[in-house]
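Annotated in TrEMBL:
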DOMAIN    14-187  domain 'Glucose-6-phosphate dehydrogenase NAD-binding'
BINDING   17, 18, 19, 20, 21, 22, 23, 24, 51, 148  NADP(+) binding site
BINDING   178, 182, 216, 235, 331  substrate binding site
DOMAIN    189-479  domain 'Glucose-6-phosphate dehydrogenase C-terminal'
ACT_SITE  240  active site, proton acceptor
Ligand code: NAP
């Protein structure tokens with residue numbers, strides 16, 4: 001099934017940090033794909049900005065090489081790469097100085113939508129907002145896109161929000177969490193709110209528990225300095241896992257509109273109980289299978305930063321009271337695997353007797369590597385003899401059901417085009433970000449004040465044994481990573 005493409009009007013997109021890693025790997029290849037798909041008109045202007053003096057030609061070469069490296073080969077040959085490069089310009093400017101700003105102002109087209117992508121460290125967000133709005137480069141329709149990390153605690157997030165709010169109103173600010181741009185994450189809403197089947201069962205009366213796992217095989221090399229200060233709680237739980245939790249647990253919004261959806265997500269975060277210290281397991285990977293330990297990767301033999309976290313939490317609201325949510329994320333785990341599993345309760349009575357064993361329905365939502373949704377149902381084991389039961393998956397792999405995903409936009413493409421179309425549904429609002437930090441901060445402060453050290457776990461394992469015990473104590477098991 002080929003995705004429907006609705007072209008947008010020509011726009012000006014300025015990428016601060018246009019020579020950075022994120023621009024190279026995600027933003028520019030994503031824009032190229034949308035151009036190839038016919039969504040971005042050729043009058044559009046994309047301006048990379050950074051301090052380096054590489055000039056327009058140098059930037060076009062940089063972008064061409066990024067596209068060759070990070071786009072599928074066939075895309076580069078079938079689509080007009082040269083035509084895309086024509087859209088590109090580069091301006092050397094300093095976010096914290098005078099240099100380059102007049103050049104940028106001269107390049108912008110009057111009357112066009114302007115989007116400014118802050119693909120730079122958060123310490124520059126305030127300067128950029130000030131220079132843009134103070135220098136008259138924006139109007140009421142202009143938009144800014146900001147990247148994570150959005151603060152490292154509540155106080156810093158509030159300060160960032162205040163710095164942006166001083167110059168832009170909330171409707172102009174797009175805080176990216178690329179997990180929300182994934183096809184399956186949106187499908188989660190479609191499955192929940194487009195079907196009659198699930199919603200009546202979506203509560204503590206029928207759901208035993210919910211597991212959210214975001215496992216990565218990669219270590220922290222390449223991001224060591226940043227990660228050592230952040231850890232898994234700040235880097236993953238406060239944003240990505242929290243957003244997934246919101247989507248799985250929220251009430252049906254009245255409409256699929258930015259503020260109605262975000263209002264419901266906010267209510268979920270505010271309903272989260274504080275996490276009990278004995279419901280958290282922090283881990284740190286050790287050397288195994290030929291890869292270095294976390295401490296070697298960050299070059300700190302005494303590091304106490306966690307590269308893994310597993311926790312159990314509860315929501316104090318009518319729908320979910322009593323249903324545990326188990327969250328788990330980490331680096332150097334057995335497989336790259338992001339999934340949410342909704343485990344339903346046992347049938348109230350088994351007519352097949354105890355020998356039929358325990359069978360539970362499960363809805364599994366896979367985010368990566370292969371996006372899809374599976375419903376596990378119980379049927380009779382085929383063949384003669386007694387009534388034996390087996391669990392089989394009703395599989396909805398998107399690649400199979402909806403054709404090749406080659407045409408489907410990836411998360412960044414979708415989100416950038418949402419910015420241009422002015423749709424904030426999949427972006428975090430200021431109060432959501434702050435509520436997530438307000439829940440995360442005491443957890444972090446708790447282990448800092450106790451001086452807790454993370455538990456070691458072998459690289460490429462499923463994490464520390466204590467994480468298995470966290471859920472096993474409750475008579476449950478994690479779904480296997482990579483299954
Ligand atoms: P990066 O590779 O270090 O690039 C930083 C960019 O900012 C460069 O283009 C740099 O260009 C520019 N820059 C730095 N100081 C500047 C200044 N004073 N004025 C103007 N430009 C300046 O960083 P990145 O990995 O692309 O990450 C950018 C942001 O996205 C960060 O906040 C990061 O946490 C976030 N993020 C990154 C990823 C990722 O996969 N990389 C994923 C999620 C979020 P010059 O040196 O030429 O000035």
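Cβ coordinates come from backbone N, Cα and C, glycine included.
Taking Cβ-Cβ distances under 8 Å and a sequence gap of 6 or more within the same chain, the neighbours of residue 235 (substrate binding site) are 149, 227. If you compare every pair of Cα atoms in 178, 182, 216, 235, 331, the residues listed for substrate, the longest distance is 20 angstrom. Of all Cβ atoms in the protein chains displayed, 22 besides its own lie within 10 Å of the Cβ of residue 17 (NADP(+) binding site).
In space, 178 is the closest of the recorded positions 178, 182, 216, 240, 331 to residue 51 (NADP(+) binding site), judged by Cα positions. According to DSSP, residue 51 (NADP(+) binding site) is assigned to coil rather than to any helix or strand. Shown in sequence order, 329, 330, 331, 332, 333, 336 are the residues of the chain, 6+ apart in sequence, with a C-beta less than 8 angstroms from the C-beta of residue 216 (substrate binding site). Pairwise Cα distances among 17, 18, 19, 20, 21, 22, 23, 24, 51, 148, the recorded NADP(+)-binding residues, top out at 21 Å. Here the CA atom of residue 17 (NADP(+) binding site) lies 23 Å from the CA atom of residue 240 (active site, proton acceptor). Residues 17, 19, 51, taken from the recorded positions 17, 19, 51, 240, are distinguished by a CB atom under 6 angstroms from ligand 1.
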